[in-house]
Amino acid sequence: MSSSGKQSHDVQSAAVGIESNGHVDEKKGTAADRADMYRMGKTQEMKRNFRFLSIFGFSMILMASWEFSLSVSTIGLLNGGTAGLIWMFFICWMGFILVNTSMAEMASMAPTSGGQYHWVSEFAPPQYQKFISYLMGWMCVLGWQTSCASSAFIAGTQIQGLIVLNNPNYVPEPWHGTLLTIAVAAFSVLFNTILARKLPLIEAIVLIIHIFAFFGILVTLWVLSPRADAHTVFTTFSDGGGWNSLGGSTLVGILAGVLPLLGADAAVHMSEELRDASRTLPRSMILTTVFNGAFGWIMVITYCFCIGNLEEVIMSPTGQPFMQVFYNSTQSVSSATAMASFIVAMTAFSNLTMVATSSRQLFAFARDHAVPFSPWFSKVPAGWDVPINAILTTFLFSSLLSLINIGSAVALNSITSLATSALLSSYMVSIGCMIWRRCTNSPLLQSKFSLGKWGLAINIASEAFLVVIFVLAFMPGNPNPTAAEMNWSILIYGAVAIFSLIYYVFRGTHRYKGPVAYVRKLDQ
């Protein structure tokens, strides 16, 4: 970015001066919101319906850490055992607090739906701003679109597990799972279009359910389940994946901690619908990570104490180990169903928020002319105040990916790894640009949330953590996978990167200017 901090401050001051009476516009938000949009050269197209509580609820529900920690726990139990699962989750929690604190500072500087690709455009070395931001935009699109498909698939297969729990004669056919996945995606589209104006209220209500369900399930497990001794739970590592190394196996199992804690940047992509975004975003992102991480870690510890026979649980006919644990604890199908229903419902609502996030990110990237058919994707119809075409595209993408399940559920699981690696790469590059600016003493934009003298240390620690888990995200579940068991996410990741490069060379380089180009025009 060529503008200095003083110049940016002058631009913001000028914008605030246009409307300095303190009036809060229902669509344009506060004076600070208008100043931020003015500085970034963006037009306010959606209403700022979100406040702190609703965006906090939005992020908490999207991450759904304690719910997803149960859903993906098998990864960690097979690779690391109970001790590996517990301590890797804790390490991930601490790591993501650093990562999301770093991103919170950038979000306060530039609160835009574009998020990471916009930050890279402003903070990268000038000669690389355009290209790197373009590539990161594609990684964000890939990460969030595949996250939507993955969470809808998880919810769909969990519904199949509930059916098996209540009807042991039911055979969960793959195509049933595909139809249920599409149904979950359609449910999310309904709430993101027709009921879009009620979304902030819905998020606040579901947040209450998220918290009360946590305590309800937690108490039930502690009261009714037979429990292992603490020494075994906290110190027993295992190598169920066959890596011939406890350390290596435990590292592979770290993904059971990564997945439930990924996605705090979701709030950033909703920032153009958030009032007083530059002040509210940092608080929401950090508190979401702290509270969701705490809920998740407590639930993981409880689950490990109550899991019982690991082999029996993993081989559960429901296909969902946590459902078997619920049944073993309560010895009641109806009670286990009630407990599991909260998990399924929260997974579906998590998908709802992911659709909102991914559609806004696609909208922002298209607004900067970075994807084919950009005008269509970035269209916000009058009276709707949401990017309808981007939402419908997200639904179509999830539906098409769900068809993979008919051929191979294992192949669809690679989509989860793909979503993880794509988002992690966008975090790495964004924070890497901040490290470069701090190391070269380049000016930073003014921020209502500044890391100050601790900024460089926090950024470097965040980057080190991200590099490790980014590499591990591509690992298969065992050292000798068959073609069906292989984690093909690295192949798809590479294919998307190559496609984006080709499109950039032939089209993008002529049409895509990068967000910083509009900021510079304002500063001149």
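Each Cβ is built from the backbone N, Cα and C atoms, and glycine gets one as well.
For reference, TrEMBL has these:
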type     : residues : note
TRANSMEM : 49-66    : transmembrane segment
TRANSMEM : 78-99    : transmembrane segment
TRANSMEM : 131-155  : transmembrane segment
TRANSMEM : 175-195  : transmembrane segment
TRANSMEM : 202-225  : transmembrane segment
TRANSMEM : 245-264  : transmembrane segment
TRANSMEM : 285-310  : transmembrane segment
TRANSMEM : 330-352  : transmembrane segment
TRANSMEM : 388-412  : transmembrane segment
TRANSMEM : 418-436  : transmembrane segment
TRANSMEM : 456-476  : transmembrane segment
TRANSMEM : 488-506  : transmembrane segment
Tertiary contacts of the transmembrane segment (388-412) (same chain, 6+ residues out, Cβ under 8 Å): 145-146, 148-150, 152-153, 156-157, 174-175, 177-178, 181-182, 185-186, 188-189, 192-193, 355-356, 358-360, 362-363, 366, 376-381, 484-485, 488
Dominant neighbour of the transmembrane segment (202-225) in 49-66, 131-155, 175-195, 330-352, 418-436, by Cβ pairs under 8 Å: 49-66
Whether the transmembrane segment (418-436) meets the transmembrane segment (49-66): three or more C-beta pairs under 8 angstroms: no
Contact between the transmembrane segment (131-155) and the transmembrane segment (330-352) (at least 3 Cβ pairs under 8 Å, separation 6+): yes
Contacting positions for the transmembrane segment (175-195) when only residues 6+ beyond its ends and CB under 8 Å are counted: 148-149, 152-153, 155-157, 159-160, 202, 348, 351-352, 354-356, 359, 384, 386, 388, 391-392, 394-395, 398-399, 402-403, 405-406, 409
Listed stretch, out of 49-66, 78-99, 456-476, that has the most CB pairs under 8 angstroms to the transmembrane segment (285-310): 78-99
Top partner of the transmembrane segment (456-476) among 49-66, 78-99, 488-506 - counted as Cβ pairs under 8 Å: 78-99
Long-range Cβ neighbours of the transmembrane segment (330-352) (under 8 Å; 6 or more residues past either end): 61-64, 67-68, 70-71, 148, 151-152, 154-155, 158-159, 161-162, 165-166, 184-185, 187-188, 191-192, 206, 209-210, 213, 216-217, 220, 224, 320, 322-323
